[in-house]
Amino acid sequence: MTGPGELAGSRPVDAHLENGAGIDVVLVTGLSGAGRGTAAKVLEDLGWYVADNLPPQLITRMVDLGMDAGSRITQLAVVMDVRSRGFTGDLDSVRTELATRNIAPRVVFMEASDDMLVRRYEQNRRSHPLQGDQTLAEGIAAERRMLAPVRATADLIIDTSTLSVRALRETIERAFGGGANATISVTVESFGFKYGLPMDADMVMDVRFLPNPHWVDELRPRTGQDPAVRDYVLGQPGAAEFLDAYHRLLSLVVDGYRREGKRYMTVAIGCTGGKHRSVAIAEALMQRLQAQHGEAQLSVRVLHRDLGRE
């Protein structure tokens, strides 16, 4: 049994492959219950395009789509169902086909000890895919034998027996990018409280403490994107101080998200109708975040959920 994240082949996995095709391909395989799904989620958080349980014969077609002009797919991770008959031969065929495209895919094999796999299946009250009328232990043993040739040719073997989810994330980040320098995607979303709270918000801030431009006749029909409304909102007492303080708070939260391996954050800014104050503040906050953090560290976008709803 290997240690967590042991390199199985001679090819380094912690460096981006200089594939002539311009697309990096990772094939995630391994024992059922060893964490393939978790590994796929981490890769997705790192910006990889993830295809789950894609049949081997469709992998090259997916790669061809990624190589098409205009495609934004530069990193493709495929989670493969390795239990199908003839899988080892299929995997070899995929590697051969990709080699003709000047692509050398990396194979990640997820495994765990028999005791740990038994414990996980018992905790989830699920049967093993190969168990049939056998015992759970026999099903695990059968799959381990079936996948031995795949394991022997893997580029990276990750034993999750003693790994927490966080430790598994760190292992994958070290191999495939991310970690302390990973990009975090932040959505700054304006909304109106009268339409309800955003369900996907990680943080919610109420800016109804600022005077409402709705009560200024010449500003009422305009929105927070209008320079006159923006200047009115940002020029109010406390507005600049609020932006300074909330920006500092968000910077602390972003640093914490990065340490915890989280890659997505939604910050919701609310006012009464989501038309004036929240829009202006959300735009200003987005600009501050973009100015402080480079695009390589923080990807920021603004979303005005209720703009135009009146």
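Glycine is treated like the rest: Cβ placed from N, Cα and C.
Given the structure is predicted, the values throughout are model-derived calculations rather than measurements.
According to Swiss-Prot:
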- GLY30, LEU31, SER32, GLY33, ALA34, GLY35, ARG36, GLY37: ATP binding site (BINDING)
- ASP81, VAL82, ARG83, SER84: GTP binding site (BINDING)
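Within 10 Å of the Cβ of GLY30 (ATP binding site) there are 27 other Cβ atoms, across all protein chains. ALA34 (ATP binding site) falls outside any helix or strand according to DSSP and counts as coil. In this structure, of the binding-site residues GLY33, GLY35, GLY37, the smallest number of CB atoms within 10 A of the CB marks GLY37.
Cβ environment of ARG36 (ATP binding site): VAL28, THR29, GLY30, VAL79, MET110 lie under 8 Å away, each six or more residues apart in the same chain. Cβ packing within 10 Å was compared across the binding-site residues LEU31, ALA34, ASP81, and the lowest neighbour count falls to ASP81.
Report note: the ATP site is defined by GLY30, LEU31, SER32, GLY33, ALA34, GLY35, ARG36, GLY37, and the residues of the same chain whose CB lies within 8 Å of the CB centroid of those residues, excluding them, are MET110, GLU111, ALA112, THR160.
You'll find the Cα of GLY35 (ATP binding site) roughly 13 Å from the Cα of ASP81 (GTP binding site).
In this structure, the CA atom of SER32 (ATP binding site) is 9 Å away from the CA atom of ASP81 (GTP binding site).
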